[in-house]
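Residues annotated as site 'Important for interaction with integrin' in Swiss-Prot: Lys172, Lys180, Lys182, Lys191, Lys205.
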Amino acid sequence: MATVPELNCEMPPFDSDENDLFFEVDGPQKMKGCFQTFDLGCPDESIQLQISQQHINKSFRQAVSLIVAVEKLWQLPVSFPWTFQDEDMSTFFSFIFEEEPILCDSWDDDDNLLVCDVPIRQLHYRLRDEQQKSLVLSDPYELKALHLNGQNINQQVIFSMSFVQGEPSNDKIPVALGLKGKNLYLSCVMKDGTPTLQLESVDPKQYPKKKMEKRFVFNKIEVKSKVEFESAEFPNWYISTSQAEHKPVFLGNNSGQDIIDFTMESVSS
């Protein structure tokens with residue numbers, strides 16, 4: 001018959017009359033002063049097992065007694081001194097979860113704010129001034145206004161109007177105006193001391209975006225059945241056309257005979 005080898009490590013003497021109590025249903029409750037009182041409400045306190053320094057002979061029964069004693073302790077009923085509240089969960093969350101910083105490569109240079117772009121609303125329109133002149137792409141980077149009819153009506157450009165961030169206002173809607181199918185956007189810059197309208201080439205991977213640079217932003221203002229486009233970079237300067245035929249579209253300050261009122265014709269995507 002196989003024999004159980006003797007344990008080689010030091011172990012306290014549990015071979016006493018009280019050891020048998022651990023094998024009873026309510027054994028540990030009958031023992032007094034054997035274990036330290038503990039409170040689960042305090043994370044720094046716990047059950048402590050003290051090992052005696054006495055050197056005695058060990059047996060398999062002593063090892064089993066220790067194991068059974070620990071198992072019995074797990075089953076001891078404990079009355080909690082407080083009612084568990086939601087805020088108590090924060091104590092455990094700090095051990096379970098680890099905070100990590102949120103990193104983003106894009107920061108707003110003006111306001112030093114974190115910018116997270118999302119898909120923006122975009123509609124397509126044809127624009128005509130109040131004299132019904134259409135806007136066409138004359139040179140690679142120049143728009144002109146002229147009357148079209150017949151087959152050449154398809155020469156007029158289609159604008160991709162993106163609704164972007166801008167100054168809060170009840171009667172002004174900030175938009176960016178790009179040419180559909182081309183990487184060109186209308187922008188306003190200062191040239192020779194005068195606010196100037198131009199077509200600017202952009203990276204299609206970066207544009208359009210919700211937070212457009214201010215030179216690209218126009219405040220769309222509805223006046224009865226017409227619309228005006230005021231430069232956000234240069235207030236009181238508007239996208240304008242001349243009374244004359246076949247003249248470039250420019251940025252004007254609503255003086256003289258400049259035309260700043262347009263009609264919009266919606267185009268399906």
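Heads up, the Cβ atoms here are built off N, Cα and C, so glycines get one too.
Overlay of Swiss-Prot annotations on the structure.
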| residue | record | Cβ within 10 Å |
| --- | --- | --- |
| Lys172 | site 'Important for interaction with integrin' | 17 |
| Lys180 | site 'Important for interaction with integrin' | 16 |
| Lys182 | site 'Important for interaction with integrin' | 16 |
| Lys191 | site 'Important for interaction with integrin' | 9 |
| Lys205 | site 'Important for interaction with integrin' | 6 |
Margin query: Which one is it, among the recorded sites Lys172, Lys191, Lys205, that lies nearest to Lys180 (site 'Important for interaction with integrin') by Cα separation?
Written below: Lys205
Notebook entry, point to check: Between Lys182 (site 'Important for interaction with integrin') and Lys172 (site 'Important for interaction with integrin'), what is the CA-CA distance rounded to a whole number of Å?
Noted result: 26
Next item on the list: Compute the C-alpha separation of Lys172 (site 'Important for interaction with integrin') from Lys191 (site 'Important for interaction with integrin'), stating it in Å without decimals.
Entry: 26
Notebook entry, point to check: How many whole Å apart are the CA atoms of Lys205 (site 'Important for interaction with integrin') and Lys191 (site 'Important for interaction with integrin')?
Noted result: 28
Margin query: DSSP secondary structure for Lys191 (site 'Important for interaction with integrin'), reduced to helix/strand/coil, please.
Written below: strand
Notebook entry, point to check: Is Lys205 (site 'Important for interaction with integrin') helix, strand or coil when read with DSSP?
Noted result: coil
